[in-house]
Amino acid sequence: TMDTGMGAALAWSPGAASQPPPGLGVKLGSLVLLLLLPLACGLAPLWCFRQPPAPIISPSPDPRSPVLSLVSCFSGGVFMGTFLLDLLPDYLGSIAAALEGLRITLQFPLPEFILAMGFFLVLVLEQVTLAQRELSEPPEESRALLPNGSIQAAVPGGPGSSVGSPVPVPGAPGALRAGALALALALHAVLEGLALGLREGDAAALRVLLALLLHKGAVAFGLSLELLRSRLRPPVVASCLVLLALMSPLGVGVGTVLAAGAGPRQRLCRAVLEGLAAGTFLFVTFLEILPQELGVPQNRIPKVILILAGFALVSAILFVKG
């Protein structure tokens, strides 16, 4: 009888049951949050404006821009802390362990090279999109629309926008420009969602989720304004916003599936994708958010305070976790 009981205990041992991957609950919740929050922020202008915002030629104060600019600065601090204190150390440790498991010794700085490739991937995507926008409009309008030369600067009221940035005038081929902008932001969102899907553990996933929610909400709101001012119909604007909202959850799902791989080759593949995603965070932080926001001569001290607050928030989370 005792042998039978021992056999039953062994049959129901915890090791015999498959355990869910670490951080799976947070990732499943992030699918909903990353879908609904950008949609809500993007659809807000559709509810606020019964008619599309009237195009303007001369600068005028925009009361939404300072608030979104300050939110963007806070998200920039969160992005910086997440990249420097969380993503980068974990990525370097992960790829070192994967190479050691495959008994590969390198004389070439491969981890840093992969990180740079993630950075250049987003850089090339952005610059190609901006080049297409400039080809479809007169140089004068291009300079007025893109004073800072980045995708985010082209989104009115979004990260990097200045107060009262001029917007397209009637008759400009806004549909093509706005469509290219929406596609570029959607592809960018996949890489950012990938960074979340590849994280292991609830705390690590929550930190990346916080950074993405702050960033994606502001981007979706600004993109919606850009599409409306391009004289697109509300159903078309809503379709672009749905596309953008679906991309981050798609990246999270792909990253979660890849994170479940346990073999040495799967670990190396996951580490490479972690490096590419970390390069995306590097670009967003140091070439997209901070230069554009700090380059606008308004609210400088509050912006610096919010950048430090975002960085301090991530530091405090990591300190409590440790």
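Every residue, even glycine, has its Cβ placed from backbone N, Cα and C.
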With TrEMBL as the source, identify the stretch among 67-88, 177-198 annotated transmembrane segment.
67-88
Contacting positions for the transmembrane segment (204-224) when only residues 6+ beyond its ends and CB under 8 Å are counted:
23, 26-27, 30, 33-34, 37-46, 64, 68, 71-72, 74-75, 78-79, 82, 86-87, 90, 152, 155-159, 161, 181-182, 185, 189, 192-193, 195-196, 237, 240-241, 244-245, 248, 281, 284, 289, 313-314, 317-318
Result, the transmembrane segment (236-259) in contact with the transmembrane segment (67-88) (3+ CB pairs under 8 Å)
no
Should anything in the same chain at least six residues away from the transmembrane segment (28-47) have a Cβ under 8 Å from its Cβ atoms, list it; otherwise answer none.
53, 193, 196, 205, 209, 212-213, 216-221, 223-225, 228, 234, 237-238, 241-242, 244-246, 248-249, 252-253
